[in-house]
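Per TrEMBL, active site, proton acceptor is recorded for Glu86. Look at TrEMBL and you will find 8-121 tagged as domain 'Gamma-glutamylcyclotransferase AIG2-like'.
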Amino acid sequence: MAQVLKRVFVYGTLKRGEPNHIWLTTKENGVSQFVAKGKTVAKFPLVIGTRYNIPFLLNKQGIGHQIDGEIYEVDDAMFARLDVLEDYPKYYDREPQAIVTEHNETLDCWLYLIRKFPESMLEKPLLTSYHNTPEQAYSENYADSTADDLFNDD
């Protein structure tokens, strides 16, 4: 019996060309298949935070912008690996959200977001899309971070 794949919307370091995309392409992690580029139907605040320059989608629906990203279909093994990367449910949470594809089709996809965050995060520039840049480089050292790092950009 074929496994039903789950759709996941990625907006940060998991996108093609970004530092953690390798998680989606490593066969040992499971199966992933690119579906389409997309954009959230709802508006969300997407910010860069902590000293590790991590993109955070904050759970404040209606504030910010529709967020650009990519849709992937993943098997259970890959979904479990993404939960490890996102430290779900301790750090990030996830929920289904409507995503409009570049072909104007609306798909329900899993989306990772931060539910508990300091209100000061909303004072940061609100982005429509994340791109790792030399000026604000993503740091792999996030692995030793904790939820308290949300409160500290040092």
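Count begins at 1; order follows the chain as displayed.
Yeah, the Cβs are placed from backbone N, Cα and C, and that goes for glycine too.
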Taking the Cβ of the residue listed as 'active site, proton acceptor' as the reference point, list residues of the same chain whose Cβ is under 8 angstroms away and which are at least six residues distant in sequence. Tyr92, Arg94, Tyr112
Residue counts (helix, strand, coil, in that order) that DSSP gives for the domain 'Gamma-glutamylcyclotransferase AIG2-like' (8-121): 20 helix, 53 strand, 41 coil
Any idea what the model's mean pLDDT is for the domain 'Gamma-glutamylcyclotransferase AIG2-like' (8-121)? 96
